[in-house]
Amino acid sequence: MASFTSSPTFQANETASNETLTTATLAGQPNASLAHPPNYMTFNNRGSTWKRADVVQSKPRFLRRLKYYVRVLDWLPNYSMKNFLYDTTAGCATACLSIPIALSYAQSFLNIPPIYGLMAAILPPIVYTFFSASPVLSVGPEAGVCLLIGENIHQRMLSGKHPPEYAILITGLITGLIGCVTLCAGIFRLGFLDSLVSPILLLGCILSVSTVILINQGVAILGLSVKPDEVSDIPINKLMYLLRNLKNAHPGTLVISISALLFLTTSRLTKKRFGRKHPVLGLFPDAVLLLITVSFLSKHFHWHKNYGVPILGQVGEEIVKPSLPLPDDRKLDFVKHSISTAVTCSFLAFVDTVIAAKAISLQTHDLVRSNRELVALGCANIVNSMFRGLPVVGGYLRSKNNIFSGARTQVSSVMCSLFVLMALLFFMSVFYYVPKCVMASMVVNVGISMFFDAFSGVFSLLRCRAYRDITIVVSIGLLTLLFGLETGIVLGIVVTTFQVVKHATASRILFLSGDEEEGDQCFDYSGNGPDVVDDDVSALEAAPSISANSQAQKLPQTLIVRIPEPLFFANTSQLEERLNRLEKFGHPRVHPSERPWRRERQLEAIVFDLVGVSYIDSSALISLHRIFESYIERDCKVLLTSVDPKVLNQFEQQGIIALIGGYSSVYRSVKDFISMTEHSNFV
């Protein structure tokens, strides 16, 4: 039986500098000193560990840095007038889409004067272009965010906490809080969080939002006149109310709603089917045409006076003056009841904006900078809150229409805002006689489109037999129906966070055992790889630098542990647990209820191949010290290979190097360790 005290050591070359390491000597030497660690940066072949490149860091000048953050200073001086005609045309087309949406969302979701929807389409898009790095991304009110704010307003009105006239202030305050949250997220570089949003969560959110939209607009579509306290804010209760009152639907309102919905649905399906062959169809302003037509018919035939059809009324032709969206008294209580909704809306706004930017970038080949979009979105909504406008979000449909209309640069959004301003000042009287049910039909058309998109996604999951993902989507939808939209979205966030944490903390550490009785076995307890790699499968496929067939047989009573990832408190605790289970049961994934398995011969050595450990935290250092100490107390030699220089320095400061016997127990790689043990008569 070999003695590890005579294992080969790394010795410093006496004729060279102390920082240069010669090759390991084959003669057995005791650990002479702990003051000369092996300098791995001088090695050309250090396993599979990457070498760090020396990148020259140069601080940019102030103006160059300012152009990066305030993007208008970069694109405006380089703007070409050749693009002005395209941007103007695109701005006009996008305004035709934005005006009806802004009017309908303000009226249908929040029940506030429609002018506050238009205010969100005037100044915020201009502010957004100052900071955004996406040249053709168009921002404006979106259904999901407006729906959450509408629920918050309705709950506060029902509880009697605030009077109905506070609805405008609540909208402005939540808009400002959304701006503050997203601005802080961008400043603190939290844009990477968009990668944590799974498609399953998005699918669940789309399904929930579309379902609540269809239910909430039922009252306006059917023409029911109800008091605010007659209908519960819970979607399932509201759905039951609609079903019980179908017989009380207003005939004239119902006919107008169905006609408008059929027109919008036909136009949407036609654009979807033939829009690729005929891009000009995307420029067809179906919503504006519908509003002008029904406004003329409503005024000519006196729908409101003769048939009792509710109309939009005075929209307002004056720009709202800026002011803080706070009441005169109880300001703190007013803000407190808005925070939770604002945080949830910020999440939806961030997700919608980044997804829209990334989807558009596939067509424009522009680089998406999530942090810059967060800063731009935050600044736009903070300014927007001063005018009590609806929150603005980057929208895929609006941006896609902007591209189809010929948009080239950020000037298209500026022109869109100018066209909306002109419409507000000179053409709002056209919308006075528009029936409210038509505005609700426009919202329902969006909801139907979202619902079928979600249904298509669920059907794709069904074909893939992703039953767990389907369960998550359905659970989000059911919770939304039973408890409200905010509860369903929070559930989706919690589930996604749990999945990410579970995947991040799942250890990918490999074990290689060279037991003579059982043969060579490479265990992978990460749950992703094979349970056992036998003689006919090379362990190199699972753990590079380790060959199960030829090398492990030369290491009896030896366990090799390959750690291909940084160590922190979570995976280190799993390492300790799996090591104990491996020694006790013979496999790291045997159930603890099984009968313990005992080795006939004591484990002589354990080799930790730290080839992927580029970082280790304090908790992991303490845990490793405890693990190494327990093995040494059982007369089991602890060896290290492929140690990163920074990690090696941490080991020395923690006393781990001294614990394992000095640098004589540190090797360049597992391959070198095995070859050296052959020369030192290890077997």
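Even glycines carry a Cβ here, placed using N, Cα and C.
TrEMBL annotations: computationally assigned, not manually curated.
The feature domain 'STAS' is assigned by TrEMBL to 548-677. Counting residues per DSSP class in helix, strand and coil order gives 62 helix, 19 strand, 49 coil for the domain 'STAS' (548-677).
Annotation source TrEMBL lists transmembrane segment at 84-103 (among others).
Residues annotated as transmembrane segment in TrEMBL: 115-133 (among others).
The feature transmembrane segment is assigned by TrEMBL to 166-188 (among others). If one looks beyond the transmembrane segment (166-188) by at least 6 residues along the same chain, the residues whose Cβ comes under 8 Å of a Cβ in the stretch are 110-113, 116, 145, 149, 152-153, 156-157, 325-327, 334-335, 338-339, 341-343, 345-346, 349-350, 371-391.
TrEMBL lists 200-224 (among others) with the feature transmembrane segment.
Annotated transmembrane segment per TrEMBL: 249-267 (among others), in sequence order.
Through the fold, the transmembrane segment (279-297) approaches residues 93, 96-97, 99-101, 256, 260, 263-264, 267-268, 270-271, 303, 400-401, 404-405, 430-435, 438, 442 of its own chain, all at least 6 residues removed from its boundaries and within a Cβ separation under 8 Å. Residues annotated as transmembrane segment in TrEMBL: 279-297 (among others).
Feature annotation from TrEMBL assigns transmembrane segment to 374-393 (among others).
According to TrEMBL, the feature transmembrane segment maps to 414-434 (among others).
If you look up TrEMBL, you'll see 440-462 (among others) marked as transmembrane segment. Panel annotation: around the transmembrane segment (440-462), residues 100-101, 104-105, 108-109, 143, 199, 203, 206-207, 209-211, 213-214, 217, 220-221, 257, 260-261, 264-265, 268, 287, 290, 469-470, 473 of the same chain, lying at least six beyond its termini, place a Cβ under 8 Å from a Cβ of the stretch.
Per TrEMBL, transmembrane segment is recorded for 474-498 (among others).
Here the transmembrane segment (414-434) has long-range neighbours at 87-88, 90-92, 94-95, 98-99, 102-103, 114-115, 118, 121-123, 125-126, 129, 138, 291-292, 294-296, 298-299, 303-304, 311-317, 319, 402, meaning same-chain residues at least 6 beyond its ends whose C-beta is under 8 angstroms from one of its own. Among residues of the same chain six or more beyond the transmembrane segment (84-103), those with a C-beta under 8 A of the stretch's C-beta atoms are 114, 117-118, 120-121, 138, 140-141, 283, 285, 287-288, 290-291, 312, 315, 390, 397-398, 401-409, 411-420, 423, 431, 434, 439, 442, 446. Away from its own ends, the transmembrane segment (249-267) comes close to residues 220-224, 284, 286-287, 290, 294, 303, 307-310, 435, 437-438, 440-442, 444-445, 448 of its chain (Cβ-Cβ under 8 Å, at least six residues beyond either end). Summarised as a single figure, the pLDDT of the domain 'STAS' (548-677) averages 80. Sequence-distant contacts of the transmembrane segment (200-224), counting only residues of its own chain at least 6 positions beyond either end whose CB sits under 8 Å from a CB of the stretch, comprise 108-109, 143-144, 147, 150, 231, 235, 238-239, 242, 245-246, 248-250, 252-254, 257, 309-310, 348, 351, 355, 436-437, 439-441, 443-444, 446-448, 450-451, 453-455, 457-458, 461, 469, 472-473, 475-477, 480-481, 485, 488-489, 492-493, 495-496. Sequence-distant contacts of the transmembrane segment (374-393), counting only residues of its own chain at least 6 positions beyond either end whose CB sits under 8 Å from a CB of the stretch, comprise 69, 71, 102, 105-106, 110, 116-117, 119-121, 123-125, 127-132, 139-142, 145-146, 149, 168-169, 171-176, 178-187, 190-191, 319-320, 322-325, 345, 348-350, 352-353.
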